Each structure stands twice: as C-alpha cells, then as structure tokens.
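Asker: According to TrEMBL, the transmembrane segment annotation covers B:12-29, B:60-79, B:85-107, B:114-130, B:162-179, B:214-237, B:249-274, B:286-308.
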C-alpha cells in the first residue's frame, strides 16, 4: 500500500487519469481491429496475416479521400471503411474461399502474399514517407485538470458506438446470428441452412470495414506510413491469442488490457519498451495458460 | 507421404556438388561467384525453413531472426572478441540452436495456427532487439567490417573463389544432415506429426520433444547460413533479419517444393537468379512476389519438385497400366 501511495504522490492523479484516457482511446482502436480478425478466425479458421495490410490500406484510403476528393472527415472514414470492406470481400472470394479445404498453412502463406502485395502497392502509389491527416476537431477539452484532445474523445466515442453496433448485429439480427452460428459449429450451421459462402464473404467485409474505420480514427493522432500495418498486425494477433482465438469478448478485453499495459508501461517504465510489452504479456500468458484468457465460443 | 519424392539420389547430389565445385575453375567473373555464394546462403536458410514447414508441417516465421542471431554471433565474436571465423561459426550455430530451444519451450505450448502467429511475433521482436541494442549489435548503424574467413590448414579462405568453397561445404553439410534426418526414424516421426499430432501421439511419438528437436535443427541451419553470410558480406544491418527475409525465402521454398530435398536449392537458384538478372524486377519485386505466393499455394502448392514427382508418378502409372493391358 505504501508503494501505491508513493506512486500516486509522485505522479498526481491528473497524470494518471490523462494516461487512462490515452489508454482507452488506444484500446478502442485495438478492439476494432482485433474484432475483425477474431471474427474471421472464428468463421473461416484462417489467421489472416493480411489484416494489418487492410488496416494500413484503410488509413491511406481515408487520406486519399481527404486530400484527393476533399470530402469531410466523417465521409472519408465511411468511404475508407466501405472501400476496404469491398476489397476484403473480394479477397475472400478470390483467395481464401478457394483455399478453404487446403491445409491451413496454405491460407496463411497466401495471406502473407497479400500483405506483401498491399504494402508494396501502397508504397508504389503513395511513396514510403509519412502522411499526415489533420484532426477534424482540433483543440483540447479540459475535464477538471485532465486534458484530452478532441480526437481522442472522438476515438473513444466512435469505437464504443461501433462495438455496441456490432454486438447488436451479432446478437439481435438473423444475419449476425449466422456468423455466430458458423463460428460455433460450422457443420451444424450448414445443416440448419446457413449459406456458408455468403457468411464468409460478409465476415471478411465486416472485418475489413472495422480495420479501416479504426485506421481512419487513429490516423490524425499517429502518422500514416506503409509500415503501420505490420506493427498493428503483431499487436492484434497478440490480442486475439491473449483473448482466445475466435472469441469476441476476449478480443475486446485483450485490446484494452494491451492498451493499458502499453500506455502505463511506456509511461511509468520506459517508452522504448511500449511496443514490446504486448509481446511480453503474450509470452507470459502462453506460458501459464496456453489456450488464452477466454475460451472460444463464449 | 507415400509418393516417390523428387530425389536426385546420392549420386545425383554428388554430380550437382561436383559441378558446383568446378565453377570457380572456369575463372568466372566476381559477379557469377557472388550470385553463386548468395544462392548457397539463401538455400541453406530455405533448408532450415523446410525442416519445419516441409517435414513437421509447422509454419515458423522467425527464421530470419535466427539467421540474424547466427550472423551477429559470428560478426560480434570475430570483430569484437577477435575469435577465428572457424570457432565463431560453430558458436553461432550453437547459439541459434539454443535460441530455437527457448522459442520452442514457449511456442509449442500453443496449438495449431497460433504457432505461426507466435513465431511471426518472435521474428519481429528479434529484429527490434537487434536494431535497438546499440552496445552489442551497433543498432541502426549496423556492424561494419566483419572480418572475412581466416585461413585454415594453410589455405586462405578470405578471397572470393576460396570463400565459395566455404559456402559450398556449408551447403553440402546442410543437405547431408537434412537428408539423413529425413530418412531416420526421427524424420519419419516428424512426417507423422505433420499428418496429425493426435494420431502421432497415439502411435507413441513424443510430439513435444520431436517438435523441439526439429525446431533446434531448423534454427541451427538458419544460424549456419547467417554465420556464412556475416563473413561473406562483412556488414550486418538489422533489415536483413526481419520477416521480409523470411517471407522471401518462404517464396523460394514454395517455388522449389516444400518437403522435398531438392526443392530449397532449386527454388532459391531459380528465384534468386531471376531477381538478380532482371534488374527492373528488383524495385518492384514484392508487387510480383506477393501475388506469386498466392498463386503458388492455390495452383502449384507442391512446387517444381512436386510437379516433377507428379509427372513421374503419372509415367509410372501409365507404364503399369500398359503392362496390365499386355497381360
């Protein structure tokens, strides 16, 4: 207790709350990207290594819509999400659907090939240097001494909204229920007449849309670069292994756990350490509980 | 796997290596030797990957990291500790194998697909560590001036043509070890594990230990390739130790044929040679390589060596049919 009191004394409560808000914003973005990945894994049983590429593509689509078409931020976000969703659905048709009966290693390698291509193509079109997206609502909000940028408030609000919407879709609509059904029991879903082909395509589209929306949300805070997908890939895979591959609540909890660990680890321990911390967590959890924190299908 | 694999046979391999050994005698330009040495180095890494993917059916994406461990071990030991290359190389191989053991102890607790994801993470972390650990690896600046191979038994191996034989010997050793492993009980057990872990376990195979040993062999080979690379190139940077290198070598392996003995060498020679000869391709190589990976697993997952097998099997089948007709 003395230790905790000491830390609170040294680094005041305001700093702590500020870091907490940063972690929540980051966690929201991680959750959106990880949810898509875990949905695809649940339905298709494919660890989609191209997911980070779709996320990165989303950021570039938003950038292109903003700077090329000159549309407002929200429209750019929606355009990016729709564009990447369409591409992801095409990807499922062209690559993952034909490979559904091949050994798993084949679809993993194909996904790596797609990631290769997306990164190289983006670099060819937009160049290797960083791109900046302006904050749609510049400035800060002061909540009793805790200072947060509007963009972070926007990120937190939007990701909560999207997660709630996704939850409603999965639990309350028939189409959403088919996705849940397929991830719980493929054969059973087919038996009761679920159109397995359509569900696979739909899941990929949702997953791409979520990743692109997340990228468009965080793009004004970070810079947009072709390499941003690789780092995110690693993190969201760590999250879904942590949460249990295919588990939706596991992905959300894992995302916020990772964000909290990164922000507070980076702030209180060492900033260089922040990017590796998720991985250290992953090694620790795997050593103790190899099947992840949540079991699939809960 | 019952079908006859694409096997040049022991004599075939002897002919291949004898022909390769004769190449420097033709006094080719440095460029040809350089391509030859590079092909041998990357082929070794492909053999390492093949032990995992081809024989055990596990996709390990950390191999460039272990290549880096071997390379930096040799680089640091010869440059900073002034070891002889001939001592540093086995040390590098040993360190890589130990690294493989550590990775396996954690990674094999996961099941199935998580292994590939986990090793991808390890690959990225290894590159990050090499890039950030300034005091040991030179960090972003890299490690400059790694001394070339020193002389052994009175032969000076530092020069291009002589170093060619070092690389050739390392490759020959790799092929020999992999071939002997594949034919042994251990190798057969690995193939059984590839077929199905539960089935292999029910046949009395200790799956965990077998996978650990396979990973150690595989990372040791990657370390050997890295050590030879370090002495050859003389400069080490972290960029070569990242997942992009693993993916590129994975492509070589897929082109040649996963799970075959000739595949890694065949694929590397073809793909590396092609990228080097088409200069225009180098800038856009990943635009071409990405879709190529996808097309390969979709339409020719068995690679060139596998295609050969299939043609061979068809010929044998046709011949049997004919005999039956006559009978």
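Please read every residue number as a count from 1 along the shown chain.
Any Cβ shown, glycine's included, is placed from N, Cα and C.
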Asker: Sort out the residues at least 6 away from either end of the transmembrane segment (B:286-308), same chain, that have Cβ-Cβ distances under 8 Å to it, and list them.
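Answerer: Here the qualifying positions are 5-6, 244, 247-248, 250-251, 253-258, 260, 262-263, 266-267, 270.
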Asker: Short question: most Cβ pairs under 8 Å with the transmembrane segment (B:162-179), which of B:60-79, B:214-237, B:249-274?
Answerer: B:214-237
Asker: Who are the long-range neighbours of the transmembrane segment (B:60-79) in its own chain, taking Cβ under 8 Å and residues 6 or more past its ends?
Answerer: 45, 48-49, 52-53, 85, 87-89, 91-93, 95-96, 99-100, 103, 115-116, 119-120, 122-123, 125-127, 130, 136-137, 143, 145-147, 215, 218-219, 222-227, 229-231, 236, 238, 240-247, 249
Asker: Same chain, outside the transmembrane segment (B:114-130) by at least 6, Cβ under 8 Å from its Cβ: which residues?
Answerer: 58-66, 68-69, 72, 103, 106-108, 137, 238, 241-243, 246
